[in-house]
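As recorded in TrEMBL, the features of this protein are as follows:
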- 1-35: region 'Disordered' (REGION)
- 1-11: compositional bias 'Acidic residues' (COMPBIAS)
- Gln324: substrate binding site (BINDING)
- Lys410, Glu538, Lys567, Glu573: ATP binding site (BINDING)
Amino acid sequence: MNYTDEKDEEDCRGGANGRRGMIGRKATPGKGRGNLGIQAQKLAQNKMLIISTLGAEEDQDEGERQLKFMNSTLTQATDEKYCVENIEKDENVLLERIRDAKDWALTNGLTFPVPRRKLKCDACGKINENIVLDDMAQFVPFTLYPSPFPRELFDQAMDVNKTLLLMYFRASLPHNFEFLKELHKSVLAVSPSLQYKANLIERKHKEGIRQPLMLICIRADYMASEEIDEKSNEKKYTLKQIELNGGSIGGYGTPQPLTALHRRMLSNVGIDNSTSVMPENLTSEMLATAMYRAWEEFGDPNAVILFVHPKIRMFLLVEARAIQHAMERIFEGKPKPKCVFLTLEEGIDRLKLNSDNSLILDGKFTVAVSMARNATDDLTTKANTEVLRAIKLSKAIQVWNTLFLLAHSKKVQQKLSKPGVVEHFFKMPEEAHLAAEVRRVMPKSWSIGADEEEADEIIRMVKENPDNFVMKWNEVAPLKRGSKNVYFGDEINEKLDSMEEKERDCFFIMEKLRPMVVKNHFVRAHDKPLLNTDVNIELGVHGCLLGNIVDGTVIDDFWPGTVIKTKLASENEGGVMKGHSVVDTLYLV
């Protein structure tokens, strides 16, 4: 796929001038219905051609099969409302299409690595210690067709993403450190991990900022939540943010091949698959361009880009290859950085700080840009205490520096619902509309710590109607052994009744969303397909921003990319690896 030509380069890369910067071409505006009538007409003509050519007895079976296919497709092509359930109702035809889609996924890279495991003997049941199954892959679980999603809410998510990037960049500036410490004061004293981050930030500020440039990358996750309009008393859908992730985020490798698969599946049944209804999705290209831009700003053509992960062959590490490959495609014929992939353990011997605090790889390469994904704050391991500290104290441009990891914690995200917190980052009168944009997508949430004024009242409300709320771990306070990250319904009250008062600082309460329910087909490895099942759509919007944390200027921003995770409506929690969710794309309606 072509990335861009030279005249499109500025539009694709985005910038700090307030325009919508996008990787790839802008979707053609429109309602996405114009091609359906044309395709229906063509299908009808093909149907008449089949009827006119049927003659010989041996052609009857084939002709009837083609007519059956055309009739089902013609029904959908002339239907003004896109609905997966109506594309095909014959289960045998659906299973045939699923087999075809699986084969396409396996032959076109819609895959992920299977975890390493030792070979087990089928006969005796013993494990052969000498044979380890590695370098194996299976297709990523996916929906057979794109899921319908309101165009208006999709556009809103794209627009607010630029504002969120700016807000979290400003939150990561050194002068906001004391403000962030105040937001975390209830857990700062009891969280060794949080104390470690705070001490590291204070050390960096005391010694002087060694690298003024920072690259932040976020993924904001949304759902279309059902609400009742106060004026009309009618049901409507509003965009609500479930959470924002900015550390170990995935989803860079699958959107592009899945979009290609879904375009193919729709084309095969005569349904419009243009960018007006299926937006272009170049998520890996977006991050590749952002990291390349940071490498350029570093100013050393011989410096490398470093990807660090806890384990070899980990899904996130392999997925990072998609970023490397996108960089090779986009900047073909231009100077390109060497990309290096390390585990934390490998970094102990291969990464060192030199006398001027440059991060040196293998004693000879300077690291320009470093991305450490899924690196925990376990302070007992040498890999974390030495390798990550060296990276964080170095001159390398970091994707997610320490202050940003503090600035976007779940604790901060919960505090954004408080009056004045969002506005703290948009103080100019002409920026009031930006704060309003953020507030519109934020669900209601409440702190329940013992020293919080609102705690007793919200706990009373939860006990009366637990099904209206969700209780979440704030991800900065230490989690008690046996506790879960999220609680729903009656289990919230059970947890509240059993926890000590001080443990309440670990959690917060959020209103429970009523996500839109649609139909789709789940395709998963080693499992029977789920046909026409009720699902909820989770829209994840990626974006990156390169900025100077010393003077607060935005150098460039890059957006948007999307990753869609669609979960079973019968499950409270999603999760692709848990088997409750699959990857998906959107069909805008």
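Each Cβ is built from the backbone N, Cα and C atoms, and glycine gets one as well.
A map of TrEMBL features onto the structure.
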{"residue": "Gln324", "record": "substrate binding site", "Cβ neighbours (10 Å)": "19"}
{"residue": "Lys410", "record": "ATP binding site", "Cβ neighbours (10 Å)": "21"}
{"residue": "Glu538", "record": "ATP binding site", "Cβ neighbours (10 Å)": "19"}
{"residue": "Lys567", "record": "ATP binding site", "Cβ neighbours (10 Å)": "23"}
{"residue": "Glu573", "record": "ATP binding site", "Cβ neighbours (10 Å)": "14"}
When you rank Lys410, Glu538, Lys567, Glu573 by Cα distance to Gln324 (substrate binding site), which of the binding-site residues ends up on top as the closest?
Glu538
With ATP as the bound species and Lys410, Glu538, Lys567, Glu573 as its recorded binding residues, calculate the greatest Cα-Cα distance and give it in Å as a whole number.
22
